[in-house]
2 protein chains.
Amino acid sequence: MSLIVMKFGGSSVGTTERMQRVARRIVENRDAGHKVVVVVSAMGDTTDDLIDKTRELNPNPPAREMDMLLTTGEQISVALLSMTIHALGREAVSMTGWQAGILTEALHGKARITDIQPERIHAALNDGGVVIVAGFQGMTDTGEITTLGRGGSDTTAVALAAAIEADVCEIFTDVDGIYSTDPRVVKNARKLDEISYDEMLELANLGAAVLHPRAVEYAKQYNVKLVVRSSFNHNEGTTVKEEAVMEQGIVVSGIAFDKDVVRISILGVEDVPGVLAGVFGALADGGINVDIIVQSGVMEGKADFSFTIGSGDRDKAMAIIEGNRDHVPYRETTSEDGLVKVSIVGAGMVSNPGVAAKMFRVMAETGVSIKMVSTSEIKTSCVIEAGPLQEVVRALHTAYGLDTAGQVFVGGPSERR
Amino acid sequence: MSLIVMKFGGSSVGTTERMQRVARRIVENRDAGHKVVVVVSAMGDTTDDLIDKTRELNPNPPAREMDMLLTTGEQISVALLSMTIHALGREAVSMTGWQAGILTEALHGKARITDIQPERIHAALNDGGVVIVAGFQGMTDTGEITTLGRGGSDTTAVALAAAIEADVCEIFTDVDGIYSTDPRVVKNARKLDEISYDEMLELANLGAAVLHPRAVEYAKQYNVKLVVRSSFNHNEGTTVKEEAVMEQGIVVSGIAFDKDVVRISILGVEDVPGVLAGVFGALADGGINVDIIVQSGVMEGKADFSFTIGSGDRDKAMAIIEGNRDHVPYRETTSEDGLVKVSIVGAGMVSNPGVAAKMFRVMAETGVSIKMVSTSEIKTSCVIEAGPLQEVVRALHTAYGLDTAGQVFVGGPSERR
């Protein structure tokens, strides 16, 4: 008998038929003798519908009241899922976040979990029922209702799994698992059997929509075994855990990429202490997410540096830099769009010299010029022109032996909240 | 400075425009220097929409899970109303039933309030905000979410008013107050300025849809001053309190009536102890609401008795009596439909002999034959044929002096939950 946490996203319960399929899937585990705790998100478009209701009443509603409003979406899901399990003749008990003992910071809209008091969950499990917990929500120690922000339901599932010491936390989604690259780009992309937390984090930050980074971090911290699998079939999925089995000769697990990247360069910046902090502090205050930052050196007391952002933020970023010119003087700015970022990720890279060099060689053979480079212990990223993206990803996938033997990546629509 | 509870039903907040009007109305009281606690129901059709969602998933859902589901309706209302008040530049804090300290029995779907712990409400009021409480819901002492059943939001408002010792509990509805009879039947029906709890109870039980009897009982028990008034205008409304001012010469406050009444008679019943308990126990178990019961005497060890029910229950009631014949033997049953019940209600009746006699005389003058009579200290009811209903109500309204000087009753669509 195992203790299993199963997490289902909003699209998995978006229709009557899907809700019933999820219920049957839960009952299978329960009938196999396992204790089951389920975490579920708001159904389909519920959250968007609730947000729509606020527009005419208050375009800028207080975060506390938004949490009060939005948490009803998951409460509806858990009640309906519990009823559906009852209709199959099995016991189930739904719980809101506060009923499940999920305590958070007093930060509305993006609270972090501070503690879980699982006594009530254990009691309900011991009574023989399935426990259905509302994802994405918790309560402060003064009894205020909070939401966890993006990736919230994944985090709820992982945190609950840690708190009740579950044997596994299964994240059900609409893809079969984690792939060695986007199957829409490389036909023979392979589903990975296993991947480490760190590899998953690098892939997730590069754009993987299957599992939220915060949940992966939480899983790594508390050593929770994750399985990412499809809610549409019974395939094995991908296991995310501390020490993934390294397949022979595989040092790169997956190829990830980001589209719609813009490079901005600030040239001739006076090199005084705090200049980088000045520029990037202003961009952060403006809500702009900066990815790669490269400074290539200082010449005659002046520095040039470049960074990448999403293409939607370009005009805003340029305005912020211009508006900040009194504090951070510079000669000129340039920008380039129509770029992409390609990354190779693998825990084996750190102990295998020449992995990055092979990436640059493949780029060269494909006739691609590299605009920017960034490296970490388990990842190397190159910014290149968008045109040859598909060709480059395929060439890298082949060069690192991923066409034949399996490891990792990314892609497919999310059902994250 | 007063402490005021304001209760708004679901139709009062059913659209953006109505929600905004309610918010302005609340802000008026707050800006006049009062402390304001608001109780609100689920918006418009929300509850019905939620119930619809359950049909395909589980036609017979557990009451606990229904409460979990339906309480989201009020939670949505309070969050949106709070946001709307914020949009007017005033502070407001929404609260679920459990956050407002409303404790109930562990009886899902129809719990009664056992206690209110208003510390959190007082704290929020002292912070200067309007407090918006979800009606119709509470929590058991083990942290289960419950609903209060019919009339729940009225009861929440009255119970809160009692707990925080409010100066007044205003029930906003879509009529101007309590009328001396249905204005659709008698053109010169008059809005009452005041009415006693007991009169209101008699009128409510006779079909008044404006204020739920349970809430009136609660108000009487804790001596909460109620005002029933329109959410569409600023007219005075009707005050319901212990000792309503009796207008000179007015012994009857209002004329109420029930349509679609069926009389069932059981003839030749053996008169042994427990026979009434047998019949009416079986009907109660069948969920049939019996109104007037008349037993006219015993002849040769056999009794005849008659009772009234709503016309929709007729076939079911006949089947129950037939099915119970072994336990309660009888000679025959008869029934008569197309009947109505007309009642005169007034606290002045008890000290004024001849009030009922005048009613019978009016009936006789109108050529109406009385089928059944039932009396209490403040009410006399007659069951008559439906045909002359309008004529009889008008004649009674005139005979008891209600056309010219004011008191009471009833009618208008409800926005109760």
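Including glycine, each Cβ sits where the backbone N, Cα and C put it.
Those TrEMBL annotations? Automatic predictions, nothing curated.
TrEMBL annotations:
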type    : residues                                                                : note
BINDING : B:LYS7, B:PHE8, B:GLY9, B:GLY10, B:THR173, B:ASP174, B:TYR179, B:ARG184 : ATP binding site
BINDING : B:THR47, B:GLU74                                                        : substrate binding site
DOMAIN  : B:264-347                                                               : domain 'ACT'
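Overlay of TrEMBL feature records on the structure.
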residue  : record                 : DSSP (3 states)
B:LYS7   : ATP binding site       : strand
B:THR47  : substrate binding site : helix
B:GLU74  : substrate binding site : helix
B:THR173 : ATP binding site       : strand
B:TYR179 : ATP binding site       : strand
B:ARG184 : ATP binding site       : coil
- Item | Inter-residue Cα distance where the pair is B:GLU74 (substrate binding site) and B:ASP174 (ATP binding site), in Å | 19
- Task: Give, as a single whole number between 0 and 100, the mean pLDDT over the domain 'ACT' (B:264-347).
- Result: 87
- Note on the structure: Integer Å value for the Cα distance linking B:LYS7 (ATP binding site) with B:GLU74 (substrate binding site) is 13
- Tally of residues which DSSP labels helix, strand or coil - the domain 'ACT' (B:264-347): 25 helix, 37 strand, 22 coil
- Note on the structure: Rounding to whole Å, the Cα atoms of B:GLU74 (substrate binding site) and B:THR173 (ATP binding site) are apart by 17
- Pop the Cα-Cα gap between B:GLY9 (ATP binding site) and B:THR47 (substrate binding site) into the table, whole Å please. 12
- Message: Need one number for the ATP-binding residues B:LYS7, B:PHE8, B:GLY9, B:GLY10, B:THR173, B:ASP174, B:TYR179, B:ARG184: the maximum pairwise CA distance in Å, whole number please.
- Response: 26
- Message: I need the least crowded one of these binding-site residues (B:GLU74, B:ASP174), counting other C-beta atoms within 10 angstroms of each C-beta.
- Response: B:ASP174
